[in-house]
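Q: Below are the features listed in TrEMBL for this protein:
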- SER107, GLY108, ALA109, LEU110, GLU128, ASP177: S-adenosyl-L-methionine binding site (BINDING)
- 268-292: region 'Disordered' (REGION)
- 276-292: compositional bias 'Acidic residues' (COMPBIAS)
Amino acid sequence: MSQLQNGERVHLVDKKGRQYALTLKAGDIYHFSGETIPHDELIGKPDGTVVTLSKGKRFLALRPTFGEYVLKMPRGAQVLYPKDLSLIPMWADVYPGARVFEAGTGSGALTMALLRAVGPTGLVVTYEARDDFARTALTNIERYMGPVSTLMPCRKNAYEGIDVLEDGRLFDRLVLDLPEPWQVVPHAAKVLRSGGIYLSFVPTIPQVMQTVEALERTSVFGMIETFETLLRTWSIQGRSVRPDHRMVAHSGFLTVARKVEEGWWSRPNKTVEAEAGGEQDDEAHEGEDAQA
């Protein structure tokens, strides 16, 4: 569908790349710095067309990409940046047909990323304790994706527990964007299938430490990794090539773990391990495997 439709979210983009969001509604008028353009002049135009406002200001009218939509959509809770949203489905290995549990819904950005990954045969169950956040999220999701049959939103607090699905099957993946994910880890251990993947996002290292300790205490989570991503764009103007002065640096940490048979990974004694040089030995063996 190449033509812009009534009710769609559209971004007007100027020559500097600045974007201004609006939702097309027949009969409405868009106002910008003393200039106007009727929505009816946008409805039916091809995606990517140039439009002119009442005093000559010109914009590109474009359907936003998912990343662009997320940055401009109404917010209740703080949204994740596209650099993190793009990584989460990959590192959580969210695949078409997967049954995914998410908490909290927030403004709906992560929920949409998961819905796109599970496709029409999957399921995303999302918990949000706050009604205002839940309402904002559902509006954002429906505005971008339309009605979604693979979404099961719940006004529940994941800290208090996670319900098993009616058919009794466990979740394939569990993704958390909460201030205290370690409180959910014991519940996650009960509703995530063996071999399933846990992933959580938090902004600070103390939160990461408590989360990893909670994962280790369960004795069913292993292969625990924590990392962050830094995104730096570059300015390319002929022979003038340099990094941009601004970058999206630290936003948060992702912690990933696999659920496995209980006891396979015992909680490490980090003091003893460090004194024995165990970590160096393991890294040496990994290098040998790579060379082989």
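Note that Cβ sites are derived from N, Cα and C of the backbone, with glycine treated the same way.
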Q: Looking only at SER107, GLY108, ALA109, LEU110, GLU128, ASP177, which the record lists for S-adenosyl-L-methionine, tell me the maximum pairwise CA distance in angstrom.
A: 13
Q: So if I measure Cβ to Cβ from ASP177 (S-adenosyl-L-methionine binding site) and keep only same-chain residues at least 6 apart in sequence, which ones fall under 8 Å?
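A: Non-local contacts for ASP177 (S-adenosyl-L-methionine binding site): LEU80, GLU102, ALA103, GLY104, GLY106, LEU110, SER200, PHE201.
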Q: What are the other residues, in sequence order, whose C-beta lies within 8 angstroms of the center of the C-beta atoms of SER107, GLY108, ALA109, LEU110, GLU128, ASP177 at the S-adenosyl-L-methionine site?
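A: Filtered neighbour residues, in order: ALA77, VAL79, LEU80, GLU102, GLY104, THR105, GLY106, THR111, MET112, THR126, PHE133, ALA137.
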Q: Highest Cβ count within 10 Å among the binding-site residues GLY108, LEU110: which residue is it?
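A: That would be GLY108, with the most Cβ atoms nearby.
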Q: Do any residues at least six apart in sequence from SER107 (S-adenosyl-L-methionine binding site), in the same chain, have a Cβ closer than 8 Å to its Cβ, and if so which, in order?
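A: Listed in sequence order: MET73, PRO74, ARG75, GLY76, ALA77, GLN78, VAL79, PHE133, THR136, ALA137, ASN140.
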Q: Can you name the residues of this chain that are 6 or more positions from GLU128 (S-adenosyl-L-methionine binding site) yet have a C-beta less than 8 Å from its C-beta?
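A: Once residues fewer than 6 apart are set aside, GLU128 (S-adenosyl-L-methionine binding site) is near ALA103, GLY104, THR105, GLY106, ALA134, ALA137, PRO153, CYS154, ARG155, LYS156.
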Q: Under a criterion of Cβ-Cβ distance under 8 Å and sequence separation of at least 6, what residues of the same chain contact ALA109 (S-adenosyl-L-methionine binding site)?
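A: Listed in sequence order, they are VAL70, MET73, VAL79, LEU80, LEU85, ASN140.
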Q: Using DSSP and three states only, what is GLY108 (S-adenosyl-L-methionine binding site)?
A: coil
